[in-house]
Each structure stands twice: as structure tokens, then as C-alpha cells.
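**Student:** Provided herewith is a single structure, encoded as C-alpha cells, for subsequent inquiry.
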Amino acid sequence: CCGVPNAACPPCVCNKTCG
């Protein structure tokens, strides 16, 4: 979902900073 205009996941998923 990262890099897609309609990204369905929070930015932290792409930044790998979740949790």
C-alpha cells in the first residue's frame, strides 16, 4: 500500500516506525 495514492495503511508502515 506504500507509494499508492489511496494508501490504506498508516505512514509508519512505510517508515517502519510502527510500534
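Glycine is no exception: its Cβ is also placed from the backbone N, Cα and C atoms.
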**Student:** Per Swiss-Prot, which of C9, C14, C18 is disulfide-bonded to C12?
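**Tutor:** Answer per Swiss-Prot: C18.
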**Student:** Are any of C1, P11, C12 (the recorded positions) within 10 Å of G19 (glycine amide) when you go C-alpha to C-alpha, and if so which?
**Tutor:** C12
**Student:** Given the recorded positions C2, P5, C18, which lie within 10 A of P11 (4-hydroxyproline) by CA-CA distance?
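**Tutor:** Neighbours among recorded positions, in sequence order: C2, C18.
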